[in-house]
Amino acid sequence: MALCAKKRPPEEERRARANDREYNERFQYASNCIKTSKYNILTFLPVNLFEQFQEVANTYFLFLLILQFRHKSDNQVNNRQSQVLINGILQQEQWMNVCVGDIIKLENNQFVAADLLLLSSSEPHGLCYIETAELDGETNMKVRQAIPVTSELGDISKLAKFDGEVICEPPNNKLDKFSGTLYWKENKFPLSNQNMLLRGCVLRNTEWCFGLVIFAGPDTKLMQNSGRTKFKRTSIDRLMNTLVLWIFGFLVCMGVILAIGNAIWEHEVGTRFQVYLPWDEAVDSAFFSGFLSFWSYIIILNTVVPISLYVSLTSCTLCSVEVIRLGHSYFINWDKKMFCMKKRTPAEARTTTLNEELGQVEYIFSDKTGTLTQNIMVFNKCSINGRSYGDVFDVLGHKAELGERPEPVNFSFNPLADKKFLFWDPTLLEAVKMGNPHTHEFFRLLSLCHTVMSEEKNEGELYYKAQSPDEGALVTAARNFGFVFRSRTPKTITVHEMGTAITYQLLAILDFNNIRKRMSVIVRNPEGKIRLYCKGADTILLDRLHHSTQELLNTTADHLNEYAGEGLRTLVLAYKDLDEEYYEEWAERRLQASLAQDSREDRLASVYEEVESDMMDKLQQGVPETIALLTLANIKIWVLTGDKQETAVNIGYSCKMLTDDMTEVFIVTGHTVLEVREELRKAREKMMDSSRTVGNGFTYQEKLSSSKLTSVLEAVAGEYALVINGHSLAHALEADMELEFLETACACKAVICCRVTPLQKAQVVELVKKYKKAVTLAIGDGANDVSMIKTAHIGVGISGQEGIQAVLASDYSFSQFKFLQRLLLVHGRWSYLRMCKFLCYFFYKNFAFTMVHFWFGFFCGFSAQVTVYDQYFITLYNIVYTSLPVLAMGVFDQDVPEQRSMEYPKLYEPGQLNLLFNKREFFICIAQGIYTSVLMFFIPYGVFAEATRDDGTQLADYQSFAVTVATSLVIVVSVQIGLDTGYWTAINHFFIWGSLAVYFAILFAMHSNGLFDMFPNQFRFVGNAQNTLAQPTVWLTIVLTTVVCIMPVVAFRFLKLNLKPDLSDTVRYTQLVRKKQKAQHRCMRRVGRTGSRRSGYAFSHQEGFGELIMSGKNMRLSSLALSGFTTRSSSSWIESLRRKKSDSASSPSGGADKPLKG
């Protein structure tokens, strides 16, 4: 298989000529073939060997090479079909064969094959609509437009003659930037990002379009943001490398000691027995005998090196860390509580090497859009003229929770209602039906003040094309309550109000931007009355209301505060009547401002400000609870999002990351290095000033080193949060300021980074990895999160509505953020606990087994030709006798049930502090193993020196001694693993007691007459096991050895449990006390926030749509024709409502962010 791309020199600029492959091939641009797999057939062996040999123990074997091809996914993408214009004819080509300079035709709902310059489309003026979920995680549609000179090239023959040349910037990862120039017909035309269709986008609501390939394959912005696939290893793996080296050294030391002993023994004693114990022919001295003895003992004692810890291939049985990790991965995949029924999506462990690392996470870096939120907008509540709608109350007057609410409001009276829309408070619909003027004005504003486009494919089937989910939700709400936006032209808007078609003249759209934070429309109704309708942020609009509305303003502000406290996005609506003369004067000033050559935007903003004076995203379920639990587990959560500050901060409050009880929320918005440094310095000073434990003399003049990062700042009193914008973060991440930023951020309880690029996300993660030496986890859902996911120790992808790029790059994936608490607090903690217990026991049993050989060397003339155990026991010890019990413990063990793991998040902290397996624990295990080996050898040795059989003959012979020691060893290590097992299953019982039974079965079989008859040279000691184990003295020796080896462990654990129990001990004790009681589950109740006013405004409007609509460039002929439709026969239901109204005494008092009259 050929590689998809070759190493090329960096580009200074890119040239691409349309319909000229021969010209473009001279530049050796990358093909459109992509490669996301770590290996291919050529690189698999060398690269995988290099990665596997990062683990020192793996130098012993080559069989643990697991090919993790992603080529299947790559091939599915590379083999997609695309229509390419070749020699004047559209031909089907695979994506991998698309080249720079090709002209491609895309059709509705197709993925964009490469980074294209939009040439023309089926829409007027070369417009097209795209969805960029794969790139930035946003599902709202965006508009792209061809430059006018190419927008008419919709005909194949014209496109075939197009020979324009594009000169542009080289490949880069900036998703929102593009700079280039088109040279055609001796003219040049500027190109921007608005003219580009990027790979990974999907064409929406556009029948077809043509594009010129500018960047292909690895040069596309999607792939430039994917980052390099890294080989991730756990902290335990890295520690194991060090320990294995130490064990190698210990093995060499034992070999040297025994070799020296052999040389001395042969020199002093061995020379006297040359007659019947001659040296081998090659041995001519005691020194050389010791040299050979060294290598022999290295072989005999090699079991002390944990080769079988990784994989044991002495036989066909496989017992390894990898098997345990594989089991843990399957538990994650099979977890029904992490299965999303709505999307039919299970959790998936996409790697088997990082499970125990899930139990050691200290920092979580999360995207916002689609990760913490669902990217779904729902009209939830409203306040109209001082009355709040949206809450439902039971018979006792208590507010009903979502699961306790009755059936939603029935909108069947409205044939144009959206059946997917749900609202729970019937009083709002009653107010609309009764003709309440305030509610009518409220929904009239929502149906007029927007930039939504409507499409009616069949009679009564409306489809709204909204540039953001926010606008779509608001217009849909108005539609269901009887104010149906039906169609628009550049100069009119047609709305069906309670069944009656009314056409408003659209006089002006005062477009949204991030500074104004509002948009307005000026319309003239059929009666000739001119009115301005405005919607925007409460912090902006409340200051623009007429002073006569102060009482209503206070009531509405209280409602806004309540809504924001519940995590809802908020928006204020207002209106103002304009007289004809004033409007004419204002329209003239607006025209002059729009024609100004300099400061055009500022002049328009001033005109808009004049006329506008006097006058919800839903969180994913379980997000606040998840963040609260993870915070209690001492896990710090940072939000890294491309969204604007208002959106990110609002979500921060909704998630309870930010609260009004916080001492202070620092917002860093500096545009220069000095400004950012000063803002960070002031933040640190304020934290230090409020701290009681630190004096006021703290200065930050010295250059911080990584060893000083755990500073006094992290112990300051009070709770703080840090919000920093992308342009400020760029300065904060510079080499001379990154430590100051990190120190300030780590002292805060919550950190939110807004408007950050994919590269900045990865840089923040790398910064924490570099200096904090903590395990990091990154979670996201879009292609803009891929670099962050690959940089973190653990990457988690949310398989939601935003494509699969994040999932493909991740180590674990699931569909909802709330599953993260279970992944970490249950599966991660258990995996860490199991792996640590497995490793401790493994080292213990191996040292207990191997060190007996060492002690025996001092009593056998240091002869490496004789071992304590027979060769079959040595072979079967790690594979049969002790492999399955430790495997069962490593796969199934748990200290507390899963419910308790969730109830007591502090149980997670031992993993963060690395308490269960570290160098200290390693030496304790080694010491226990050596202690066991000493008793295992010397107790039987002492007994056998004087003991006799029942018939009075000497008990001490080599085979009887070997059987006794081996039996004692198997029993002791079996009892030890029984003590270590915290959670007994049928599998544990079967493996532990079954292994003992298998040992005795094999022992008696190997000393039986049957095997001797078949293999007399291999099984010579017939009946030895039966005779030895028939002696009471032997069993007393075995029992004594077992008790002496185990009792210190039992005594230590008993004293620890009573004198210094840890949290898991306390939880287990509580579990026993409450065993007969029903498990009490902690219910996290939502508490409404009180305190200062906070804006809940966070809507994702975009600038430019108002001008686009007023120009008519995005209007279809069918849309224009809709405005001329006569009133349809949908008013029958309204007559009954009017009759009902006439029978009613009065309409209910009602209210809103009323269209507040100025």
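Cβ coordinates are placed from backbone N, Cα and C, and glycine is handled just like the others.
Bear in mind that TrEMBL entries carry predicted annotations, made automatically and left uncurated.
For 17-69, the entry in TrEMBL reads domain 'P-type ATPase N-terminal'. Among the features that TrEMBL reports, transmembrane segment is placed at 243-265, 285-305, 838-859, 871-892, 922-941, 961-979, 991-1012, 1032-1055. Positions annotated as Mg(2+) binding site by TrEMBL: D367, T369, D781, D785. Per TrEMBL, ATP binding site is recorded for D367, K368, T369, E471, F512, K535, R569, T641, G642, D643, R755, K761, N784, D785. According to TrEMBL, the active site, 4-aspartylphosphate intermediate annotation covers D367. Positions annotated as domain 'P-type ATPase C-terminal' by TrEMBL: 807-1061. Summarising the annotation, TrEMBL assigns region 'Disordered' to 1130-1158. Positions annotated as compositional bias 'Low complexity' by TrEMBL: 1144-1158.
Positions of the features from TrEMBL, shown on the structure.
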| residue | record | CB count, 10 Å |
| --- | --- | --- |
| D367 | Mg(2+) binding site | 30 |
| F512 | ATP binding site | 24 |
| R569 | ATP binding site | 26 |
| G642 | ATP binding site | 26 |
| R755 | ATP binding site | 19 |
| D781 | Mg(2+) binding site | 34 |
| N784 | ATP binding site | 31 |
| D785 | Mg(2+) binding site | 36 |
Annotated stretches the transmembrane segment (991-1012) and the transmembrane segment (871-892) touching (3 or more Cβ pairs under 8 Å): yes
Contact set, same chain, for the transmembrane segment (922-941): CB under 8 Å, 6 or more residues outside the stretch: 243, 840-841, 843-852, 854-856, 859, 868, 961, 964-965, 968-969, 972, 1037, 1040-1041, 1044-1045, 1048-1049
Other parts of the chain folded back onto the transmembrane segment (243-265), taken as Cβ under 8 Å at six or more residues beyond its ends: 55-57, 286-287, 289-291, 293-295, 297-298, 301-302, 304-306, 854, 857-858, 861-864, 919, 922
Contacting positions for the transmembrane segment (961-979) when only residues 6+ beyond its ends and CB under 8 Å are counted: 841, 844-845, 848-849, 852, 868-870, 873, 877, 881-882, 885-886, 889, 932, 936-937, 939-941, 944, 992, 995-996, 999, 1003, 1024-1025, 1028-1029, 1034, 1037-1038, 1041-1042, 1045-1046, 1049-1050, 1053
Closest of F512, R569, G642, R755 to D785 (Mg(2+) binding site), Cα positions, binding-site residues only: G642
Taken over the domain 'P-type ATPase N-terminal' (17-69), the model's mean pLDDT: 60
Spatial neighbours of D367 (Mg(2+) binding site) among the binding-site residues F512, R569, G642, R755, N784 [C-alpha, 10 Å]: G642, N784
R569 (ATP binding site) and D781 (Mg(2+) binding site), distance between Cα atoms, whole Å: 22
